[in-house]
Amino acid sequence: MTTSDLPAFWTVIPAAGVGSRMRADRPKQYLDLAGRTVIERTLDCFLEHPMLRGLVVCLAEDDPYWPGLDCAASRHVQRAAGGVERADSVLSGLLRLLELGARADDWVLVHDAARPNLTRGDLDRLLEELAEDPVGGLLAVPARDTLKRSDRDGRVSETIDRSVVWLAYTPQMFRLGALHRALADALVAGVAITDEASAMEWAGYAPKLVEGRADNLKITTPEDLLRLQRSFPH
């Protein structure tokens with residue numbers, strides 16, 4: 001098999017969300033993080049990796065912030081239309097990859113736009129562990145705290161065995177064709193899809209969990225942003 005016959009690796013960044021819980025004047029991916037926007041920090045790890053063929057960012061149609069970023073002019077970054085839900089945006093990104101020459105058996109890494117602290121080590125580990133995997137998988141972190149299930153009155157109904165519980169992170173890495181089918185079929189069926197792994201699970205696959213760093217945080221609240229400010233040099 002020649003190098004050109006091997007599956008390529010691509011990245012999709014869904015970035016059409018508004019992040020209402022941040023209570024900010026702009027979407028959280030455009031907030032400042034040590035002198036640069038969150039999304040620029042997020043893209044760095046992928047744009048610097050030699051194994052990745054290309055990257056697609058899925059943006060809201062009327063996004064006024066993206067055009068002003070240096071990365072918007074990069075030949076390595078392509079744009080796709082974002083959707084109402086994450087799954088819609090990812091599907092749009094996958095279709096854009098096909099237009100760029102990606103194949104159904106190529107790998108796609110989907111990563112949160114507001115998860116800027118991914119390390120090169122975690123990205124390398126994901127690529128190495130999943131490149132030969134029949135399904136694909138995701139970065140995840142084992143649950144470390146005691147977990148409780150509540151009833152409808154907010155009282156503990158049971159304690160959950162944390163040894164079998166993981167927190168799902170990103171990137172999540174799957175074959176382009178399989179992921180496209182899973183997402184499209186789930187949307188048609190009206191299934192609630194929270195991430196790419198949940199679509200693959202619904203389609204009958206068992207994604208592999210690849211342990212990553214706990215500081216690969218997704219910015220959801222103002223407190224998350226403050227925590228991450230300490231991780232980046234000013």
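Each Cβ is built from the backbone N, Cα and C atoms, and glycine gets one as well.
If you draw a 10 Å sphere around the CB of R21 (site 'Transition state stabilizer'), it holds 12 other CB atoms from the protein chains shown. Per Swiss-Prot, site 'Transition state stabilizer' is recorded for R21 (among others).
Taking all protein chains in view, 26 other C-beta atoms sit within 10 angstroms of the C-beta of K28 (site 'Transition state stabilizer'). Annotation source Swiss-Prot lists site 'Transition state stabilizer' at K28 (among others), citing sequence analysis.
For the recorded site, R162 (site 'Positions MEP for the nucleophilic attack'), the DSSP three-state label reads helix. On its own chain, R162 (site 'Positions MEP for the nucleophilic attack') has P142, A143, R144, D145, T146, L147 as residues at least 6 apart in sequence with a Cβ closer than 8 Å to its own Cβ. Annotation source Swiss-Prot lists site 'Positions MEP for the nucleophilic attack' at R162 (among others).
Reduced to three states, the DSSP call for K218 (site 'Positions MEP for the nucleophilic attack') is coil. If you draw a 10 Å sphere around the CB of K218 (site 'Positions MEP for the nucleophilic attack'), it holds 16 other CB atoms from the protein chains shown. Under the heading site 'Positions MEP for the nucleophilic attack', Swiss-Prot lists K218 (among others), citing sequence analysis as support.
For the pair R21 (site 'Transition state stabilizer') and K218 (site 'Positions MEP for the nucleophilic attack'), the C-alpha distance works out to 13 angstrom.
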